[in-house]
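As recorded in TrEMBL, the features of this protein are as follows:
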- 74: active site, nucleophile (ACT_SITE)
- 74, 76, 301: Mg(2+) binding site (BINDING)
- 76: active site, proton donor (ACT_SITE)
- 276: substrate binding site (BINDING)
C-alpha cells in the first residue's frame with residue numbers, strides 16, 4: 001500500500017494529537033501529563049439518548065440501514081467467538097454488500113496480522129481482502145514507522161505480543177526484539193536482576209526506543225522487567241489496545257490491556273494506545289477508505305471500546321450486538337450507549353425478509 005494516503009489525511013493531525021505526539025518524542029514524562037483524557041475516561045452518552053432496539057423491527061432496520069454507506073465491524077463477539085462463526089453472519093455481510101454497503105473489519109486483536117485475519121475470514125466463508133482489514137497491530141506499526149521520529153540509534157522495538165505484531169512491524173521494515181522469541185519465554189534468573197539494573201547490553205538492547213505491548217499468551221515476569229527498564233531508560237510506551245478482556249467460547253479472558261496493566265502500575269503512566277477507542281485509529285481508517293463519517297456506522301459488542309470508538313469518532317451511527325462482552329443493561333443504561341442494538345448481527349437479515 002502506498003504511504004501517500006497517510007500524508008493526505010488528517011491522521012494524527014488534530015491539535016490534541018499533533019501537540020501530544022510532538023511532546024511525546026521529546027519527553028516520556030511530559031507526554032504522560034498531556035495524554036488525552038479520552039483514553040482514560042469515556043465521553044458519556046446523553047441520558048436522553050436511549051438506544052433503539054431493532055430486533056424484530058423490519059421498518060426500523062430498513063430505516064437504520066438506509067442511513068449508512070460504510071459499516072465498520074468489530075470481529076470477535078460480533079462475527080464470531082473463537083473459531084465459531086455466528087449463524088447468519090455470512091448471509092448478513094452478503095446482504096450489506098449486495099445493497100452497495102462498504103464493509104471494513106476493524107479489530108483490536110493484535111495476535112494476527114491482516115493477512116492472517118483475511119485467511120480466518122475466508123475460512124469462515126466470509127469473502128475479504130487484506131485491504132478491508134484494519135488491526136491494532138497494523139495501526140501501531142504505521143504509527144511507529146511513519147509518525148514517530150526516532151533517533152537513528154533508537155529505532156528498535158521491544159515487543160510484548162504475538163506474531164501479528166511481528167508481521168506488521170516487518171511489513172513496515174521496523175526492527176524488533178522480544179515477541180515470540182523463545183529466549184524471552186523463560187523465568188527470570190537471580191543473576192538477571194543485577195544485569196538489568198546495571199543496563200547490561202546482554203539483556204537490555206541499547207537500540208530499543210519503543211516498548212510495544214499487545215496480547216501475549218506467554219507473558220512473564222522476565223518480559224515485564226525488561227519492558228519496565230526500557231521505559232525507565234527513555235523508551236516510548238505504546239500499546240496496541242487497552243481492552244481489559246476478550247471474548248472466547250462464551251466466556252471472557254484477559255485482553256491486551258491486562259498485559260499493559262502491570263507496567264502502568266509500575267511506571268505510573270498510561271501507554272499511547274493505538275487501537276479502539278483511540279481516535280488516531282479512526283483517523284487512519286477514514287484516511288485510508290475516504291468515507292463520510294456521517295454515513296458510517298460502527299458495529300460492535302463492547303460499549304467501552306467499539307461503541308465509544310464510533311461515538312467519539314462522530315460517526316453517524318453505532319450498532320451494538322448482544323453476542324459478546326456488553327449486556328443489554330450496558331447498552332441501555334451505561335455511560336456509553338449505541339444508537340441502536342440487536343440481539344445478534346444476523347437480525348439485520350429481517351430487513352430483507
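Each residue, glycine too, has its Cβ placed from N, Cα and C.
All annotation found in TrEMBL is predicted automatically rather than curated by experts.
Structure coloured by features recorded in TrEMBL.
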| residue | record | CB count, 10 Å |
| --- | --- | --- |
| 74 | active site, nucleophile | 26 |
| 76 | Mg(2+) binding site | 22 |
| 276 | substrate binding site | 32 |
| 301 | Mg(2+) binding site | 27 |
DSSP-derived structure type at residue 76 (Mg(2+) binding site), helix or strand or else coil: strand
Alpha-carbon spacing, residue 76 (Mg(2+) binding site) to residue 276 (substrate binding site), which is rounded to whole Å: 13
Separation of alpha carbons, residue 301 (Mg(2+) binding site) and the residue listed as 'active site, nucleophile' (Å): 8
Residue 276 (substrate binding site) and residue 301 (Mg(2+) binding site), Cα-Cα, nearest whole angstrom: 13
Other residues, Cβ within 8 Å of 74, 76, 301 Cβ centroid (Mg(2+) site): 75, 77, 78, 79, 107, 247, 300, 302, 306, 321, 324, 325
